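Take a look at the structure set out below.
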Amino acid sequence: MNKKTIGVMLSLIVVVGFIILINQRVLNFTPDMIQKWILSLGILAPIIYIILYTVRPFILFPASVLSLAGGLALGPLYGTLLTITGATLGAYLSFLVSRKIGGKWVEKKSGERMERIKRILEKNGLLAILLLRLIPLFPFDLISYAAGLSKIKGWHFILGTLIGIIPGTFAYNFLGASTTTNSMVTIVGAVIIFLLVMMIPALFKNKFKAFLDQQEKK
């Protein structure tokens, strides 16, 4: 084992240890706690929120909790806009890290799911990334890393991600924002929208799977 390999292994151990440490600290946060922290930042709140969402994939923080907090602190529309910005930047950063740094090592260590996502993206490009964001058959971050290892164009990845996450992002932010109102109509409306956005993709999952299977056979 040469020095370069040992260095890479030690670096990975340090990174994993750091992620575990951060994860243990932050996963205990509730949307309400994050809301108070975001609001305490004043005019810097939007910038910090976007930065936090951008690095989220690397600290394994639940996107749903952060999106709910965004709605609570920033409102349904502004929160949605900032969340889409941060989530797209975070996804693209994951994409770049995988493409520039991951290389053959990540590809070798990746499982069958990642290999399948790669094949799907390479055959269908923009349409595939858009549908995978709208109908999440695979974890969000896994799609980003797999895309980086595939031959999909960067702008296809960005555009497909940006458009595909709009419905779910708005649903989470609106649901979070609704809890700050005293309007039962708003709360019920937010819950209905949230359920619809979650249920509609689920109804199309089997058809989407069949479509992907058909595409892979071509």
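Note that Cβ sites are derived from N, Cα and C of the backbone, with glycine treated the same way.
Just so you know, TrEMBL annotations are computer predictions that nobody has curated.
Residues or ranges marked as transmembrane segment by TrEMBL: 6-22 (among others).
Annotation comment: TrEMBL describes 34-55 (among others) as transmembrane segment. Long-range Cβ contacts of the transmembrane segment (34-55) within its own chain (Cβ-Cβ under 8 Å, at least 6 residues beyond either end) map to 63, 65-66, 69-70, 72-74, 78, 82-83, 85-87, 89-90, 93.
Under the heading domain 'VTT', TrEMBL lists 61-177.
Among the features that TrEMBL reports, transmembrane segment is placed at 75-98 (among others). Proximity of distant same-chain residues to the transmembrane segment (75-98), defined by a Cβ-Cβ separation under 8 Å and at least 6 residues beyond the stretch ends, is recorded for 46, 49-58, 63, 66-67, 106, 140-141, 144-149, 154, 157-158, 161-162, 165-166, 169-170, 172-174, 176-178.
Residues or ranges marked as transmembrane segment in TrEMBL: 126-148 (among others). Long-range contacts of the transmembrane segment (126-148) within the same chain, counting only residues at least 6 positions beyond its ends with a Cβ under 8 Å from a Cβ of the stretch, are 57, 63, 91-92, 94-100, 102, 106, 110, 113-114, 117-118, 120, 156-157, 159-161, 163-165, 167, 201, 204-205, 208-209, 212.
Feature annotation from TrEMBL assigns transmembrane segment to 154-172 (among others).
Residues or ranges marked as transmembrane segment by TrEMBL: 184-204 (among others).
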Mean per-residue pLDDT computed across the domain 'VTT' (61-177): 86
Residues in the domain 'VTT' (61-177) grouped by DSSP into helix, strand and remaining coil: 102 helix, 0 strand, 15 coil
